[in-house]
Amino acid sequence: MTKKMNVESFNLDHTKVKAPYVRLVGVTEGANGDKVHKYDIRIKQPNKAHMEMPGLHSLEHLMAENIRNHSDAVLDIGPMGCQTGFYLSLINHDDYDDVLTMIEKTLEDVLQATEVPACNEVQCGWAANHSLLGAQEIAKEMLNEKASWSEVF
């Protein structure tokens, strides 16, 4: 990495991080004082492992639907293109420990799920590409490593 790039994660040395972890990427303040907190929920070790798409896709649906049951501050949660984690954006919410609890409860919801929400051609752009069991396996692995979530390096 020779020059600073516009994208924060491109400035992160992916060879130094130790997944799984939950990292505050940054805080953006709007013109009216609202603050958006963006988190890197890294599930797999970069360049060593990744989530297979059907499980990741189902985990995305399950987390997007369920995390909002645990906080009104959620703006968005979505997968990284590298398939190693998710980004979570919250508005006016700066309690890191609460974020960890929110993620934990959401992953526990995934383990209890009996179906993937919005897993149909009307509500999803690739409805044939889902795996509830794959999502639950990823969630279980992440929960098993909860003690290390706040250790990035």
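Glycine residues also receive a Cβ, built from the backbone N, Cα and C atoms like all the rest.
Here is what Swiss-Prot says about this protein:
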{"type": "BINDING", "residues": "His57, His61, Cys124", "note": "Fe cation binding site"}
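In the three-state DSSP scheme, Cys124 (Fe cation binding site) is classed as coil. Contacts of His57 (Fe cation binding site) defined by a Cβ separation under 8 A and a same-chain sequence distance of 6+ are given as Pro79, Trp126, Asn129, His130, Ser131, in order along the sequence. For Cys124 (Fe cation binding site), the Cβ neighbour count at a 10 Å cut-off comes to 17, with all displayed protein chains included. Listed in sequence order, the residues Ser58, Glu60, Val116, Ala118, Cys119, Trp126, Ala127, Asn129, His130 complete the 8 Å Cβ shell around the Fe cation site centroid, once His57, His61, Cys124 themselves are left out. The secondary structure of His61 (Fe cation binding site), as reduced to three states from DSSP, is helical. Neighbour count (other Cβ atoms within 10 Å of the Cβ, all protein chains): 21 for His61 (Fe cation binding site).
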